[in-house]
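Structure first, then comments.
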Amino acid sequence: MAKNYSSVILEAVTGIEAVAIFQKNPDIDLILMDIQMPELNGYEATRQIRELNKDVIIIARTASDFPGIEKKQ
């Protein structure tokens with residue numbers, strides 16, 4: 001039997017918006033984070049979100065193909 005799942009997608013244009021959205025919605029389960037967002041990049045937004053919740057799943061993505069973009073922890 002198929003299960004019904006529901007999800008809500010929240011979108012941020014800047015890293016500052018991403019952090020603010022997470023602050024207002026701390027029950028978020030998954031974040032897809034763009035590395036190269038304006039105002040506050042994805043690395044810094046991730047760091048700030050990690051200060052609020054170290055366990056939330058964050059998948060970092062970028063459309064750029066720059067040498068030197070690599071896994072950061």
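Every residue gets a Cβ built from N, Cα and C, even glycine.
In TrEMBL this protein carries:
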| type | residues | note |
| --- | --- | --- |
| DOMAIN | 1-73 | domain 'Response regulatory' |
| MOD_RES | Asp34 | 4-aspartylphosphate |
Under 8 Å between C-beta atoms and at least six apart in sequence, can you list the same-chain neighbours of Asp34 (4-aspartylphosphate), or say none if there are none?
Gly42, Ala60, Arg61, Thr62, Ala63
Local backbone state of the residue listed as '4-aspartylphosphate', from DSSP in three classes:
strand
Between 0 and 100, where does the mean pLDDT of the domain 'Response regulatory' (1-73) sit?
89
